[in-house]
């Protein structure tokens, strides 16, 4: 006999299930509509989460029919507090954006363009910071734009005219280089041909890199961006060639560092450090005095064959200090600074004839070569870098200061003379005998002495300014008295 099973109180017919499903679907649709379309949807969102949490807490039961959890109210309070913080942050960001927009509207177009470039660089720096954790990238450094580099127009009308004329000349030179010799180290103006000196091995683009800071300071930003693009895509130091350590340092390392400090573009810091690392093998000598010439691939160095007894040259090994100190700062690698500070240690241990620095020093023996002293060629920029190292350190490099002013005193006592016509000049010194001539390269000394006069003892400041003016006058006369 067949008996029909009675329905339990909790079971539903098919139609009843369908109706419940429709009601549940309508409820869900209503909730989502409230969340996304009502004006104060964030509060509704919190309420929905609170409601669902409470429902879940009240309906979850254990085997004995009791509640298995009970913290829904606390979770809802946490969500509500988090939501308030999100709204506050949005409001704060909105106010900040309005202030930035107001500041931007007051800037010149080229300054806005530079700000955009800076923002792009920040993205790159963030990427580098993440990669630096693996030790494969440079450390993150805080970049600060130097004040006063651009954006100022002189008030004096005559100065403005001169300024524009200089910029016009620079643009003419740059446009001609770009047209006839782009990517070469230099332009031969008569033949209109590109030329690459063997001083740079097979590294290209010396004119581009050396002109970067000038382009930026003259606010030739379109040309600067074109140069930046070339550097990023074409400047290559992976060459099997012998280069002049001195020339590559002052043109390429110095040019890249200047461009980085002016623009903040990370490519310049990266390239400068890369090249600096390739120059380090030049210091592998018994004394640490670097070779003049270096093969960038093999790391083998040597000195100029014409230099006295295989000596290194004062103006070459003495003109690395500024760049290498900055390389350490930007790479967090102390080795660069240690190399150039060691040069000072070697020089300070040596006896100096009459307090003067001979132009030749043997890197193997650590002894002077021929006793030839010149403030012009072979010696010039050594003295300049002593002074500028002190200034660059915010006048904390007391060693550099002492070396500079002691050397200047020795130069004044032993080399500075006045001609019968009343012109002050700086003679050369060979083995204790003066050669009464002053090379054209010595003319920088007028500016150097004037620059350092402010830091001299108070009783010598005026005297050094007079010396500087007299040297400059002599150099001016050398042009004025020449027929061409």
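Placed from the backbone N, Cα and C atoms, the Cβ positions cover glycine too.
In TrEMBL, the region 'Disordered' annotation falls on 56-76 of the listed ranges 35-55, 56-76, 77-97.
Taking a C-beta cut-off of under 8 angstroms and a sequence separation of 6 or more, residue 443 (disulfide bond) has the following same-chain neighbours: 471, 472, 475, 478. Cβ-based neighbour count (10 Å, all protein chains) for residue 475 (disulfide bond) stands at 19.
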